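Student: Per TrEMBL, the features are:
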- 15-34: transmembrane segment (TRANSMEM)
- 46-66: transmembrane segment (TRANSMEM)
- 78-96: transmembrane segment (TRANSMEM)
- 103-121: transmembrane segment (TRANSMEM)
- 133-152: transmembrane segment (TRANSMEM)
- 164-185: transmembrane segment (TRANSMEM)
Amino acid sequence: MEAISEALQPYKEQVGMAAGILTVGQMFSGCFVCNDIRKKGTTDGFSAMPFVGGCGLTVLFLQHGMLMNDSAMTNANLVGLTISLAYAIFFLLYTPPTGRSSYWRQVGGTALFTITLLGYVKVENPSVVEDRFGMIITVLMLALIGQPLFGLPDIIRRKSTEGLPFAMILSGTIVGLSWLLYGVILNNVFVVVRSVFISKQVAVLCDTRSRSDVFTRDSTEGNTQCYQLSLV
């Protein structure tokens with residue numbers, strides 16, 4: 001990877017800028033999920049974690065960008081934090097009273113965990129904090145982007161992807177590929193690993209969609225119905 005990194009060094013600024021712009025554009029894909037919530041009039045069936053957890057993770061990515069002294073990552077995450085906060089507030093407005101306690105528990109847990117990790121950065125040895133912190137947020141990011149996949153058995157059973165942020169995942173794949181190239185240029189293994197797993201997630205979901213396009217027989221009415229996974 002070092003040889004490729006050296007060869008692509010002249011394009012570092014251009015690739016970083018392109019990745020940052022694509023990232024900001026991708027963050028607006030959450031509007032599709034918000035629009036579905038608006039149409040339904042409630043957040044029932046939708047998880048707040050992609051938005052709430054996204055806020056915390058964006059703060060951590062911002063901190064990592066600052067540790068790396070990388071303007072492309074820092075600027076992208078500053079804009080991303082603003083957008084993520086807007087989504088989290090929108091989700092709260094459409095959350096019914098019975099579900100708000102769960103929402104605030106997620107907010108509290110995310111905030112506490114984020115503050116703890118930011119505190120770790122302050123006390124860790126400066127010579128190793130960039131690599132160790134990068135490893136930590138990589139694991140956290142994999143947990144967050146994999147969160148929608150935990151519902152795959154239920155999605156296949158119901159033959160519906162309602163509540164699955166497919167638009168966010170699809171656009172995230174494109175962004176992941178751009179950051180993959182930038183990570184290679186930086187010769188940073190954590191940026192590369194995060195980008196590879198972001199890109200891989202959509203392949204799993206597309207495979208699930210193809211496996212779930214099935215026909216079922218209505219035994220009471222005697223007619224055939226086709227259930228297809230709908231894109232969020």
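Glycine is no exception: its Cβ is also placed from the backbone N, Cα and C atoms.
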Student: Cβ under 8 Å, sequence separation of at least 6 from the ends of the transmembrane segment (103-121): give me the contacting residues as numbers and ranges.
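Tutor: For the transmembrane segment (103-121), the sequence-distant neighbours (Cβ-Cβ under 8 Å, at least 6 residues beyond its ends) are 48-49, 52-53, 55-56, 59-60, 63, 67, 88, 91-92, 95, 129, 133, 136-137.
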Student: Is the transmembrane segment (46-66) packed against any residues at least 6 beyond its ends, judged by a Cβ distance under 8 Å, and which are they?
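Tutor: Same-chain residues near the transmembrane segment (46-66) but 6 or more away: 30, 33, 36-37, 72-74, 76-78, 80-81, 84-85, 87-88, 91, 95, 102-103, 106-107, 110-111, 113-114, 117-118, 121, 130, 133-134, 137, 140-141, 144, 147-148, 163, 165, 168.
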